[in-house]
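In what follows, a structure is listed as C-alpha cells, so that the remarks can point back to it.
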C-alpha cells in the first residue's frame, strides 16, 4: 500500500511540472531522481512516464523534461558503473532503463529543439556535450542530432557520395563499421629493438632510437588505410591535443572516480561536493546545467570540449588558417605560432568547463588537459589571435589565482621560445606524423600548402595514436632554466609577477634589414581581420634566434615509444 502511495506521489510530482511557468524545478527533479534510484525494480514504469511527459508537455517545458531525463539517466548510469551486479540489460535494472532512454532520445531531442527558443536550444546543445562526455548515450545518436539540428558536423567536401557515408540508423551503422573492420588487415608490430637501446653511450643509444622510429614509421606507411577498404569510411578520429601523460591522466581520473558521489549531477561551479542521497541533486535553478558546471567526466581520448567538430564555415568555431613566409629563418626551418596556453594556480575544485568559462570573454577554448594534483592545465584555443588576447587581457586585476603563459603544443620543446610563444623548427626534426598534421589539421597548419623553408603558420591539431610526434620524444624544458625556456610567473621577492608581454602575431617590430615577405595568392585572411583590410605581416618578432642545439632524453623518448607500441597493441586486440 505504501509503495502504491509513493508511486502516485511520483506521478503527481511529475504532473506538477506542467503548472510551473518554466517547467523546471531543482527540488522536484531531485525528488523524482531519489524515487527512481530507490525503486529500480519498477524502472520500466518510471522511464515510460518521463518519456511520455517529454512527448506531451508544452513547448516551453521541453527543456525541463530533458533535465529530468538527464538527472535520472545519469543517476542510473552512475549506479550501473558503481555496482557490477546492475550492469545486465534485464528489465528492472539501471542498464535497461538507460537503454530504453537511448532508443527514444533522438526523437525527444529533435522534438524539443524544433519547439524551443534560441536560449533553450543553446542549453540543449550543452546537454548534448554533457551526455557525450559522461557516456550516457551513444555518440552516434548525439552526433546525428548535432548534424541534423545544429549543423555542426557538416563538411564542405561535396566529393563524398551517399554510399560513402555511414548510416544514421544505429544498427545499420554498427554493421557497416564491423564489416569494414573485418576487411582490415590485422596490425603486425613485430619490430626488433636494437641492442644499443640499452647502451651507456648516448650517441649509440640515440642512433638506435632513431632506427626504431624509422622502422615504426616505415611500418605504419605500409599499413593499408582503413578508409580505403570498401565504400564505407569509418568515423573521423577525435583530434586530441597531446600535452600531458596519458597514464597520469588515467590515475587522476581513477582517484576522482573513487571519491565521487553516486549521482552524475554535480554541485554548482567551485562548490564542494555534497554527500548523501538526499543532497546530491542540486537545483537546476542554481545553474546546474550552465556550461561552466563541472558535471562531466572526460575520457582518456576526449580532451576536446566539442569532439568531432569540423572547421567549416557554418561552425561557430570556424577559424581561417593564416599562412605567411619569413625569409630571415635559417634554411630548412619553419616557424609555428603556438595556440597553447599554460594555466597555473588552478584550484582543486575547478574543472575543464570552469576554465573554459572564465576564459570565454577573451577566447573560445578548444581543448583542456587538466592536472588537478599539480594545479595546472594546458588549454588550447582556436586561434593565435585569441591566445594573445588571453595573455594580454585575462585576469589583469589579479582577482583569480590563475596565471597564464605560453605553452608548446607542437614540435620539439627545445625549439620553442616560451617568452614569445613560437617555435623555429628544423624540418629534419619533424616526424612524418608532424608533417602530415601540419598540412591536414582542422585548426592551424598550412591549409594544404607544402612545408617549405620559411613557412609560418599556427599550431596544428594533432591526432594521438597516428604516429610519433617530435614533441613527445623531446626533452622537457625546466622552468626558469634558460633565456627562452618557460618561466614560473609566480610573484618574485618584490611582489611583482615576472612575465613578458606576448609579441602580437603580425604586429611585431621587424629585424634589420626587414624580411622580405613572399605571400601567395591563396593565403587566407587571419581570424579577426576584415576582408577589406590589408593582410598584416606575420614575420618574425625579432631577429631569428640561433638554432637551438638538439637535446636528447633517451628515457623520455623510449617511454614515448613504448606507450605508442602499447596503444597499437591494444588497438590490435580490440579489433
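A Cβ is built for glycine as well, from the same backbone N, Cα and C atoms used for every other residue.
Just one residue in 271, 324, 496 has phosphoserine written against it in Swiss-Prot, and it is 271. In Swiss-Prot, the feature phosphoserine is attached to one residue out of 82, 263, 481, 494, namely 263. Among 184, 265, the residue that Swiss-Prot annotates as phosphoserine is 265.
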